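Pulled from Swiss-Prot, these are the features on record:
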{"type": "REGION", "residues": "1-26", "note": "region 'Disordered'"}
{"type": "COMPBIAS", "residues": "1-15", "note": "compositional bias 'Basic residues'"}
{"type": "DOMAIN", "residues": "106-274", "note": "domain 'CP-type G'"}
{"type": "BINDING", "residues": "ASN162, LYS163, VAL164, ASP165, GLY216, GLN217, SER218, GLY219, VAL220, GLY221, LYS222, SER223, SER224", "note": "GTP binding site"}
{"type": "BINDING", "residues": "CYS298, CYS303, HIS305, CYS311", "note": "Zn(2+) binding site"}
Amino acid sequence: MTKRKLTQNQKRRIHSNNVKALDRHHRRAKKEIDWQEEMLGDTQDGVVVTRYSMHADVENSQGEIFRCNLRRTLANVVVGDHVVWRRGHEKLQGISGVIEAIKPRENEIARPDYYDGLKVMASNIDRIIIVSSVLPALSLNIIDRYLVICENANIPAVILLNKVDLLTDEQWREAEEQLEIYRKIGYETLMISAISGKNMEKLTALLADGTSIFVGQSGVGKSSLINYILPEVNAQTGEISETSGLGQHTTTSSRLYHLPQGGNLIDSPGIREFGLWHLEPAQITNGYREFQYFLGTCKFRDCKHIDDPGCALREAVELGKIHPVRFDNYHRLISSREENKSQRHFMEQDIR
């Protein structure tokens, strides 16, 4: 009997289930350390540079990294968190100490999860770098989805188009025209290639200031960018799936890196879909910065900005003040939000 060939999705599910089973076994075999007062030193400040399921790596003021347990009373600890922690007088089961408290966050980036609600990914970020590429095909709808998140989190965004070495001259001009839509409304854009090195010096100069985070679908080349910027990290890269056109997930844990030219970079696991169903329609509307001048000037206060008479946004599109692609994407995001919210409702019913 011929052995059935597994699809890439099936292989990923099997791998994921195996990892979860091993993690459950690890939890049972390795009891949580009960840190007593006499076992710990004084409190000190630190920054979370990596988060795992049960532990977090904390960097102290001298740049040393210690693996720590988390107090049960803490909310979700994420990469970028400034924390108060205590080092143990001795290392126990490979653990050096415990995180006692999380300092107030300046900001955070979160994504909705069907089972866990809103999941914070990272905190204390100075800019979000939205990584897109020409393979898979450039999607302005996905870029707009990320921008809505950035605007609602009040974190500046930069749009990065990777793999431009694959473009013909005509495709380059088309990509420039698409990115010009965003430049006209105040977003910074970069066209780069981690393979040829084109414009990579502009990216490294941008990253030298503050803490940045890469977000983007799998397969857009985030790991390749990190390998170029930090070759000693050797982040695992993945191939594009021939069947779906999507990349294979390669990064498993969010991590903060210090860059040699200054600044920090957070690499987060690839996200295929950045859902918006946790946002209200008004929040999605407010996520379009060029809409702000026209909001509140529609004929009717409850205008849905679809085919309502006297819609100021639609009039602005007709006058060339709002790009029609952005307006179409806005409607698609509103529509997909309702669909995803309905799917979540049915999933919650199944769970109950």
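We count from 1, first residue shown onward.
Cβ atoms are placed via backbone N, Cα and C, with glycine included.
Mapped onto this structure are the features recorded in Swiss-Prot.
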residue : record              : Cβ contacts under 8 Å, 6 or more apart
ASN162  : GTP binding site    : VAL131, SER132, SER133, VAL134, ILE192, SER193, ALA194, VAL220, GLY221, SER224, LEU225
VAL164  : GTP binding site    : VAL134, TRP172, ALA175, MET191, ILE192, SER193, LYS198
CYS298  : Zn(2+) binding site : HIS305, ASP308, GLY310, CYS311, ALA312, LEU313
CYS303  : Zn(2+) binding site : GLY310, CYS311, ALA312
**OP:** Rank the binding-site residues LYS222, HIS305 by the number of other Cβ atoms within 10 Å of each Cβ, and give the residue at the low end.
**Re:** HIS305
Original post:
Fewest neighbouring Cβ atoms within 10 Å: which of the binding-site residues VAL220, CYS311?
Top reply: CYS311
Original post:
Including all protein chains shown, what's the count of other C-beta atoms within 10 A of the C-beta of SER218 (GTP binding site)?
Top reply: 22
Original post:
What three-state class does DSSP give LYS222 (GTP binding site)?
Top reply: helix
Subject >> Residues ASN162, LYS163, VAL164, ASP165, GLY216, GLN217, SER218, GLY219, VAL220, GLY221, LYS222, SER223, SER224 [recorded GTP binders]: greatest CA to CA distance in Å >> reply: 19
Original post:
When the pLDDT values for the domain 'CP-type G' (106-274) are averaged, what is the result?
Top reply: 84
